[in-house]
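K.L.:
For reference, TrEMBL lists these features for the protein:
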- A:1-81: domain 'GST N-terminal' (DOMAIN)
- A:86-214: domain 'GST C-terminal' (DOMAIN)
2 protein chains.
Amino acid sequence: MKMYGNWRSAAAFRVRAALNLKGIPYEEIFLDLDAGDQHKPEFRKINPQGAVPAVFVDDGPPLMQSLAILDYIEDTHPQTPLLPADPRARARARSLAQVVACDTHPLYTPRVRNRLMEAYELPRERMLEFLRFAFEGGLKTLEARLSGEPGTGRFAQGDAVSHADLCIASLWVGTGIFGVDTAPYPTVKRVAEACLALDGVARAHPLKQPGAPTQ
Amino acid sequence: MKMYGNWRSAAAFRVRAALNLKGIPYEEIFLDLDAGDQHKPEFRKINPQGAVPAVFVDDGPPLMQSLAILDYIEDTHPQTPLLPADPRARARARSLAQVVACDTHPLYTPRVRNRLMEAYELPRERMLEFLRFAFEGGLKTLEARLSGEPGTGRFAQGDAVSHADLCIASLWVGTGIFGVDTAPYPTVKRVAEACLALDGVARAHPLKQPGAPTQ
């Protein structure tokens, strides 16, 4: 597989972590999103949306959208399952993943941040209020569900890592990058850290990829 | 099944349409989102996120997140498949669904619209610029992909209706409700209208549900 990604992309992180956990070899080409690589004509031919990740699995068009790519990997590489076999548990794992991938992450992408600043002439600090609103909405929902629903175990769904954890971990890393207060979310923290401690996930960490700031 | 929904909810529409297409009986309880039913303590006990749809399939907690519910329905009721069997085609159908359900719809929910108006003291008309930005981002990506990728057929993925079409139809109905210009998106229009013409989808249409404005 050949993946177009970026160190900071939460979506690329999820896919990279799944490939590592399953031991699937891949090559990653890192775009410089700050330099606008994603908007260049040669990348728009790959993904008209100008977004990463885009993953080539054969000679056809690339796969896009992190959750769709995770499902494809699951369908074609069932070893080390990253979704429960039981439909009810699968639905819960998927819904927790989607709290992040649908309702939270899309609200703080560079596309949205830039639009808010440009269209409403907002200074960066006021735009960041919206970013924190996005994170807090997701984190509050996750804390309420993870602490209140019986399905939570060592990981978000039971005792095996799943797509839910990969998405939660990607959100958790974002709280560090953007300085979001995480004190009110102890259950999310526990689950995210259990996932981030796995070797395949740790190796996929955004701050360990080419282009990331040195700490 | 028992579903909490709302006439206007794009996410509830997708689930209602899938249940109709598969002939699965269900009861829908319509919340009044304008009156804030979704924030009342009794509904927060059902879904801490305060969002519809929430679907009870057994005595356990409800299922949430429209794409996770669609997958659960697919896993448990395989008749009239709403995803292709081939993993590559499934991934494409899912990714088109997620262009809507992840990258577009979450940007124009009431939660976000209200936040923009309150936090930035925007009049409704200026908030609607952001809503149109959200729709146009999704519609442009869908038009480029549906018109340019070889997988498109009578429907978004090949010649059978799938989750992609249900999501695209839910976005298309939104363009009517919010007055978004649809002229630049002829392929999206063709695909959305093919889906909306199906009897099960037509019966699920937002404007045919209790609480919808009479035309």
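Including glycine, each Cβ sits where the backbone N, Cα and C put it.
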K.L.:
Counting each residue once, how many in the domain 'GST C-terminal' (A:86-214) are helix, strand and coil under DSSP?
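P.N.:
Helix (H, G, I), strand (E, B), coil: 90 helix, 2 strand, 37 coil.
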K.L.:
Across the whole of the domain 'GST C-terminal' (A:86-214), what does the mean pLDDT come to? Round it, please.
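P.N.:
Across the residues of the domain 'GST C-terminal' (A:86-214) the model's pLDDT averages 96 on the 0 to 100 scale.
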K.L.:
So how many of the residues in the domain 'GST N-terminal' (A:1-81) end up helix, strand or coil by DSSP?
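P.N.:
The breakdown for the domain 'GST N-terminal' (A:1-81) reads 33 helix, 13 strand, 35 coil.
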